């Protein structure tokens, strides 16, 4: 607000108060008995008009509005994916420029805007100060309007209105490919879909394992366990993408060479079905209904380098190694999430906040030690943990059974698949936990999830016997020009 205009406004208010004071005094005299010893003021007002010229308007504006909305409304307000949300942010920034002199030249992300407005340290100055500001605006500030300008707004607002709009991110709600998957089991505790680093998808259908090449769309049958009287309960690719592990209902783990279609070994040790597999270089971890986790090196003879991890009281249904290959997270039907390391046979961390089976587990590739987990039907929550300190971070109720979790390789986002009762796929932004997209199409629980090696597409499987491919994430392509590379002083950009 202009200081001269503010002074004139305050002067008018003071004059009006002084003009109305005699009337108030006369009314008090008529209502007060003559014998009353209390006398009313007759010359001085009873109000102090504060001068807000020295106040921090941005901080005051944030403090006034920070408690107006509920947390759910704040979460919806932060979701700026729609055009109406972006228009509202631009309009709010324009009002701040004209009324508060904020000097905003481009529309910021709502989360960034909240952090910018919120002071990092407590303000020592009061909200109302009774002194005039000594700061004077200089012509270089860009807030003064040119005398030749016909625009009713300031220069900063003009730059704000001329700033290009950030392109809206579009996530298709229709899968770009749908494949039939007959006999795909509708079992929450199994893991029957995995995508290799060589762009080959493995799917366990009944007693067989099929391989589908995303490059050629060719389908091959890797193995058939009907001869052995067994069925497939889990599949998992090695990091190199040349080996695939197959867990069976009888408790065996078979190692297959995908290119040659040859079984290399069969690992024993479990007494019940193997529903979870996790590779760590040449080591393979398997979780079973017998409540046991076995770690084995496939390069050594069977049972020679076996490690038995006992910590769950019911079936182990989720296994994931951290991105640095140092920690193993396991989830079970006992509602527990356990974290293991290489040197101990007992869990180094134990989380019991979930109220249902923990199958969905995912380690963040962007933040060291950040672990996400999801609970079953009775829990419906996605929880985040700092495994470096052992402390819980955040929690969000999704409203339905959490079946799978996967982090994006290119952005700080994650995707979750759900069962009862929504049967949907959700994309979340972290750490704000705002929904980026909601995908529907499966008629049964979305029990299976795998991500493509380039990190842009995902495949989901459900009991409706279909595999659906979605384009969810995209690689960030920088379009900024580095001025040092085109500088005249840079000799490497010129012909010598």
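Each Cβ is built from the backbone N, Cα and C atoms, and glycine gets one as well.
As annotated by Swiss-Prot, region 'Disordered' applies to 28-51, 64-88, 105-166. Among the features that Swiss-Prot reports, compositional bias 'Polar residues' is placed at 32-42, 146-160. What Swiss-Prot records for 32 is phosphothreonine, and it gives a large-scale study or a structure entry as the kind of evidence. The phosphoserine feature in Swiss-Prot is assigned to 36, 133, 138, 146, 151; the stated evidence is a large-scale study or a structure entry. The region 'Involved in APC/FZR1 E3 ubiquitin-protein ligase complex activity' annotation in Swiss-Prot covers 47-52. Annotated N6-acetyllysine per Swiss-Prot: 69, 159, in sequence order. Annotation comment: Swiss-Prot describes 76-86, 106-126 as compositional bias 'Basic and acidic residues'. Taken from Swiss-Prot, the feature repeat 'WD 1' covers 182-222. The annotation repeat 'WD 2' is assigned in Swiss-Prot to 227-266. According to Swiss-Prot, the repeat 'WD 3' annotation covers 269-306. Sequence annotations record features per position, and here Swiss-Prot assigns repeat 'WD 4' to 311-350. Residues annotated as repeat 'WD 5' in Swiss-Prot: 353-395. The repeat 'WD 6' annotation in Swiss-Prot covers 397-438. The feature repeat 'WD 7' is assigned by Swiss-Prot to 441-480.
Residue 151 (phosphoserine) sits 12 Å from residue 159 (N6-acetyllysine), counting Cα to Cα. Around the Cβ of residue 159 (N6-acetyllysine), a 10 Å sphere holds 15 further Cβ atoms from the protein chains shown. For the compositional bias 'Polar residues' (146-160), same-chain residues at least 6 beyond its ends with a Cβ under 8 Å from one of its own Cβ atoms are 90, 93-94, 97-98, 102-107. Under DSSP, the residues of the repeat 'WD 3' (269-306) split into helix, strand and coil as follows: 0 helix, 19 strand, 19 coil.
All protein chains included, residue 151 (phosphoserine) registers 11 other Cβ atoms within 10 Å of its own Cβ. Remark: secondary structure over the repeat 'WD 4' (311-350) totals 0 helix, 17 strand, 23 coil, with classes taken from DSSP.
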